[in-house]
């Protein structure tokens, strides 16, 4: 019995269990990606026009990205408390929206609806923060894969919840809003006491590589399965029994990863965490230097190295920097030099948010994210109207598709960017630049409106947008440290709604309504004589509807240009941070 209790304690404190639980929470946390599915319901039920729907979309984006409070609470309260706050917000916000849409509650002004959408979606920031903070702290040496997988499951949440909605088989489309209000809150409350730091740096095992490979395999199988199920349900009228079987298999695939912590806990090789503590190489070689001094020595290298070192070939540069770092460490241990205490940290050390805000690198990341992810979020928010304008009736298909591609983009972005930094000691944002060029091609396909362009554009934009949310958090933790990661990450996410506010709330909606007005004038010229655009905007009883590729032609071309600008900013950051990544990862290659 005592042995069983020890095993259960090890299982409960296993970092892989925390990681798997975080994956499950993230699987239901991507509620923002379902806005494209619920916006037509809200639009028809409340007689909104496209500009009003765009305002709700901006409120959703603000709620999804403004995580100051979530980041602050994650540093003050235990993570389970942050998850509880997020669950309450999610339930109240979307629950009230559901009551209004179904007529169970009186209709409220638009600004109140925006506030409810903001509150409900803001609960997602608590889920994301708790999952990512526990992930990067438990897996400090595998930030790219961990962030990519966790953010990937958040992106896949739209497809998962759409499949569950298909199982419910309700003729009332507003029931999707009810499911958004209840589902994520239930999952977060059920798992909130598992999500926490458990000293993951002491649980490093040789089998970790295999465990990550297994997780990646499950990710690919899950994405392929959801894509296949979605296509079958779109092309064939399947029975409710078949849908039930499809959904059951989906839940089995989601449960498979728990095999990893179970096998690690109950295998014969299991050891107590204290026996698995590993010292870094520098600690083994220089026991006289404290951990705090070692972090400061890294910044001393930046000051002491000759200026011509950065011009040397990569291998030679790494060798010279390593030699200088070793000399500084030895001198500090012998007391020959005193390590200077700096008021402001250097790249790679722990920054506070205020310290990061005065760094050019931080703002380059922010604006690159604003242009890149902001353009992708504009597509996600308007996907329902984009597909309808091109003659597609089932908008849920494209919402599910972009959710799946978003998922693969996040998983792939984390995987390939990790190869770049681990194998080549090259800045992670090189992968970001590639992803933003891919998005630019996707927006171009949307603009052209060719047959099948919706499918290709959804693929390219989904992959590129997803890659942003695997690369940016990992890069921010590398350049600005882990200590205040929650606050730094949640500030950077403001770029998402900031981009959407301009791209969707101003550009896309204005162009859409303008084209819809022109088409209405052509269909009913006698009714539009002397009617100004302003009066047509205020007339919400008959929502404007645009048809054809022209509805989003100019918007897509503008977004394509912004993605190219974002790619240029990413390459500027690559140039500025080459030496940092050489210092951080160069030793692992030698």
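A Cβ is built for glycine as well, from the same backbone N, Cα and C atoms used for every other residue.
All annotation found in TrEMBL is predicted automatically rather than curated by experts.
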From the ranges 56-78, 79-101, grab the one TrEMBL calls transmembrane segment. 79-101
Of 313-337, 488-512, the range TrEMBL tags as transmembrane segment is 488-512
Any chance the transmembrane segment (429-448) and the transmembrane segment (488-512) have 3 or more Cβ pairs under 8 A, given the pairs are 6 or more apart in sequence? no
If contact means at least 3 Cβ pairs within less than 8 Å, sequence distance 6 or more, would you call the transmembrane segment (16-36) and the transmembrane segment (214-233) in contact? no
Quick check: do the transmembrane segment (214-233) and the transmembrane segment (174-194) share at least 3 Cβ pairs under 8 Å, counting only pairs 6+ apart in sequence? no
Verify whether three or more Cβ pairs under 8 angstroms connect the transmembrane segment (454-476) with the transmembrane segment (148-168), leaving out any pair fewer than 6 apart in sequence. yes
May I ask for the residues of the chain that lie six or more residues beyond the transmembrane segment (356-377) and have a Cβ under 8 Å from a Cβ within it? 61, 347, 429, 432, 435-436, 439, 443, 461-462, 464-465, 468-469, 472, 475-476, 479-480, 488, 491-492, 494-500, 502-504, 559, 562-563, 565-567, 569-570, 572-573, 576-577
